[in-house]
Amino acid sequence: MSRLCAVLVALCLGVVALVGCGSASGSGPETAGSETAGSERVGRAAAGSASGGDPYFPADGNGGYDVRHYKILDTYRPGSDRLRGVTVLRATAHRNLSALNLDLVLAVDEVRVNGRPAAFRKPSRHELTVVPDRPLDAGERFRVRVSYHGRPSARSASGLEPGRDLYFRRAGETVAIGEPQIGPWWFAANETPTDKATYDIVMRVPQGKQAVSNGHLVSRRSSAGWTTWHWRMPEPMVTYLAFFAAGRYRLERGEAGGRPFVHAVSRALTAEDEDRSLRLLRATSGVVSWLESRFGPYPFSSTGGVVVGLQVGFALENQSRPVYDYSGGPDPYGMGLLVHEQAHQWFGNDVSLRRWRDIWLNEGFATYVEWLYDEDHGRATVQQHLRNAYELHGVDSGFWGLRLSDPGPSRIWREPVYVRGGMTLAALRSRIGETDMDRLLRRWVESRHFGHGTGQAFRRLASEVSGEDLDGFFAHWLDDTSKPATTAENGLG
Ligand SMILES: [Zn+2]
């Protein structure tokens, strides 16, 4: 997520959009076949947890199973924000389950497990509890089919503290992007970064509108006044990185660096701004090539970007296809932002955080990569960025008062998470040298491809690669709440 959001997301909290109401036309049926159990039942079945276990956002995510694949079939009218859909999840039970939870804020019409009707209830606005007609066995692969409907924009922030549900729309255009939450506003999700899955996203919108999402465009078919857009993300993805944008978009498709790209620019922009936005999106392939030269192969099989016509207030690194806000002005979004969101494809999307307390692993890394890009392109060096930021924030500044390794759920988008996170890596490079720093970041990505990282694991790897005891260094930069002294040990000598 871009740093601009730090202020604007806070402003968005508590803003509840209430727009239009009515029924929606149904989406086509999807037959859910049963999958066979692969294990014996050992011990008694119990209900799965209603929490993914993250103390920052305990309502998000669930326990007892792991989703392997989502098939989302949504019919959506951008004009009235009426959504009706079906999500089919293929999952694996971790233990014997008498019931399991999903995250979904929309009204539920029907649930089936392995093709058979299942009982369900909504114990809270956010939770959906599913009770199969027979318990699921530990290790069993099973399928859940959930049908739902509603107006996502009417299901806003209340009750999700301190979550930030972000679902943006204006006349004729809707963008479902948000971090840490967004999935439950348009599909039945296990909304935790620890549960990655592959996706088929099938969006049906009125003919003449476009629906853009992650990954490859598998097909686009129109009939009876509707167009169905089928997108596929074949690489593992966290739920908050899934998105859709529905409205009128100018699409540009092609191939660069051996992989397909899709650029989309909202037709709500002026013709001049459309052209300018498209030109900037076309810089993506060059940025991706540069990132590959620094951190190894691009992790996913498609790329691109979307510039929306809404003033969202931030950009988000949606997997394979970041979404950029169009804020107007002479530079709707600069190269720095594009580099930042593409850097997240490695740092955040490929190597994802396991706990939200480690958000600096996403934002500090993306900020550091912005500085590295500047340095490699004849602008300010990483060292200059580090010195400037260090001098800008005095000893008494609140900038140093945030504990970076555990900022608290309401402060994950604060400036220090980005800038002090970037400074930590810049100072680490000064401390261990450029060669070890490059090896460290490459090994971090290579060893955790399609997986997760933690702050502690990064500290260990940094010490291992450099052969240095870095406990004091990381404690000063990440754990302390005071300005690090200008010492060589702190990378500030
Ligand atoms: Zn970011």
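Backbone N, Cα and C atoms are what each Cβ position is placed from, and that goes for glycine too.
Database features (TrEMBL):
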ACT_SITE  GLU341  active site, proton acceptor
ACT_SITE  TYR418  active site, proton donor
BINDING   HIS340, HIS344, GLU363  Zn(2+) binding site
COMPBIAS  37-53  compositional bias 'Low complexity'
DOMAIN    98-241  domain 'Aminopeptidase N-like N-terminal'
DOMAIN    337-477  domain 'Peptidase M1 membrane alanine aminopeptidase'
REGION    24-55  region 'Disordered'
SIGNAL    1-32  signal peptide
Filtered by Cβ distance under 6 Å to ligand 1, the recorded positions GLU341, GLU363, TYR418 reduce to GLU363
What does the structure give for the C-alpha distance between HIS340 (Zn(2+) binding site) and the residue listed as 'active site, proton donor'? Integer Å is fine. 11
What kind of secondary structure is TYR418 (active site, proton donor) part of, going by DSSP in three states? helix
So around the Zn(2+) site, HIS340, HIS344, GLU363 aside, which residues have their CB within 8 A of the centroid of those CB atoms? MET1, SER2, GLU317, GLU341, ALA343, PHE347, GLY348, ASN362, PHE365, ALA366, THR367, VAL369, TYR418
Treating G and I as helix alongside H, and B as strand alongside E, what does DSSP give for the domain 'Peptidase M1 membrane alanine aminopeptidase' (337-477) in helix, strand and coil? 98 helix, 6 strand, 37 coil
If you measure from the Cα of the residue listed as 'active site, proton donor', which of the recorded positions GLU341, HIS344, GLU363 is the nearest? GLU363
Pairwise Cα distance for the residue listed as 'active site, proton acceptor'/GLU363 (Zn(2+) binding site) [Å, integer]: 10
Which numbers of helix, strand and coil residues does DSSP report for the domain 'Aminopeptidase N-like N-terminal' (98-241)? 9 helix, 78 strand, 57 coil
With every protein chain in view, what's the tally of Cβ atoms within 10 Å of the Cβ of the residue listed as 'active site, proton acceptor', excluding that atom itself? 26
Which residues in the same chain, at least 6 apart in sequence, have a Cβ under 8 Å from the Cβ of HIS344 (Zn(2+) binding site)? GLU317, PRO322, ASN362, ALA366
Across the domain 'Aminopeptidase N-like N-terminal' (98-241), what is the average pLDDT of the model, as a whole number? 92
